[in-house]
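Engineer: Below is a structure I'd like to ask you about.
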Amino acid sequence: MVWNTNLRWRLPVTCLLLQVALVVLFGVFVRYDMDADPHWIDKKEAENSTSDMENEFYYRYPSFQDVHVMIFVGFGFLMTFLQRYGYSSVGFNFLLAAFGIQWALLLQGWFHSYYRGYIRVGVENLINADFCVGSVCVAFGAVLGKVSPVQLLIMTLFQVTLFSVNEFILLNLLEVKDAGGSMTIHTFGAYFGLTVTWILYRPGLHQSKERQSSVYHSDLFAMIGTLFLWMYWPSFNSAVSNHGDAQHRAAINTYCSLAACVLTSVALSSALHKKGKLDMVHIQNATLAGGVAVGTAAEMMLMPYGSLIVGFICGIVSTLGFVYLTPFLESRLRVQDTCGIHNLHGIPGIIGAIVGAVTASCANTDVYGVNGLTQAFGFDGFKTNRTPSMQGKFQAAGLFVSLAMALVGGIIVGIILKLPFWGQPADENCFEDAIYWEMPEEPKSTVLHPEDSTLKPSEP
């Protein structure tokens, strides 16, 4: 089938309509929160909170910076491994994230910070909006190279909506703990994206197989994304934790899990190659799986050795997934997972949910202390009668809710994106920047390098 990929009207109209709608909605509903609005100074004085240094900005902004870099630089560059899709990997990630954070501020605001007729926005809202967009970036990895920017905007519109509903169910109704988003961000984002790409299955994708591979410099750019993600993941998992020991624990647990994951990923990558060589795909992706898997239990008393075990297991599972599971999914289940998000986010997200459920079930006053247990899991108010074993069951329920929302939502959104007027590329043109970008002319070299006798001058 021949597709019309000309976006001259479709993309501008879609972008402008969405942005104008957001401007109107922000004007009607969004206002600054107490820490950003001088009108609340009297209330602060009544609460003896008059020091500017007590403003939430100074507690949260460093973490916000780190998370923001992960979303726009980390995820963007991680997907530049495709040899002729670098512009689109970074550029489309930039586009969907910029739209997604605005839409997320509205939807999450209606669910979590709606007060006296307005959504109150502060720095913590910005972090949560980035988390929401992180889930979209995960799903983007599954459809990378096979969809148009208009399709990505439509997918973001629906996914942010579904994410916000799922997050509200888990955090507000089930009261689960998921500081680093193993369930809400990674599991939901991965299986949503995998379901969408399953619906959008392309039987003729083999025609673009040559462009689906990497070259030396594209892998190097992708490794930059990996390093940014790896360095800032402790901030990601601890960004919205309660101040004090919980936030401190989240950073330590993530740090340890990531470190262990690198060694096992390298070990497995070498062991699985017949000549003992390393595969850059494994090093770019599997080394991050420990950060995903420790997310749910990040605030809990997992202990540093427990975090090392989680990272150790995920390095093995993720690397094996890239070697064996990804080809199986494509050949048998018609799931064309471009970036292998099932191995980096899907399976590690499920492992993280299980680790969180088990760790919560095993919690006791000997480990946390009486007040510490109450504070760590919020066993007060209407949760006074909840026990650690009950909390573990709610944690497990949260995993199934996330999976159900991802699968059902992915099917619906996939069907919408399959409509023929979104400007998607033909099978033979997938993974190609030139379809949507003005490309610079590549200069023809006429210089002979004497040290290499095989080189010939370019044809005129």
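Just so you know, glycine gets a Cβ as well, placed from its N, Cα and C.
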Engineer: Quick check on the record annotations: which of ASN48, ASN385 is tagged N-linked glycosylation site by Swiss-Prot?
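Structural biologist: The N-linked glycosylation site feature in Swiss-Prot corresponds to ASN48.
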Engineer: Taking GLU175 first and then LEU419, would you say Swiss-Prot puts both of them on the same side of the membrane?
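Structural biologist: Different domain labels for GLU175 and LEU419.
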Engineer: What does DSSP give as the helix, strand and coil breakdown of the topological domain 'Extracellular' (241-251)?
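Structural biologist: Reading the DSSP string over the topological domain 'Extracellular' (241-251) gives 7 helix, 0 strand, 4 coil.
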Engineer: Which range out of 62-82, 91-111, 252-272, 397-417 gives the transmembrane segment (180-200) the most CB pairs under 8 Å?
Structural biologist: 397-417
Engineer: I need to check the long-range neighbours of the transmembrane segment (286-306): which residues 6 or more away from its ends have a CB within less than 8 Å of a CB in the stretch?
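Structural biologist: Distal contacts: 176-183, 185-186, 226, 229-230, 233-234, 236-238, 241-242, 246-247, 249-250, 252-254, 256-262, 265-266, 268-269, 313-315, 317-319, 321-322, 343-345, 347-349, 351-353, 355-357, 359-360, 363, 367-368, 376, 395.
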Engineer: Taking a Cβ cut-off under 8 Å, which residues six or more beyond the ends of the topological domain 'Extracellular' (175-179) line up next to it in the same chain?
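Structural biologist: Cβ under 8 Å, 6 or more out: 237-238, 240-241, 246, 250, 295-300, 356, 360, 377-378, 383, 386, 391, 394-395, 397-398.
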Engineer: Could you give me the DSSP helix, strand and coil counts for the topological domain 'Extracellular' (112-125)?
Structural biologist: 4 helix, 6 strand, 4 coil
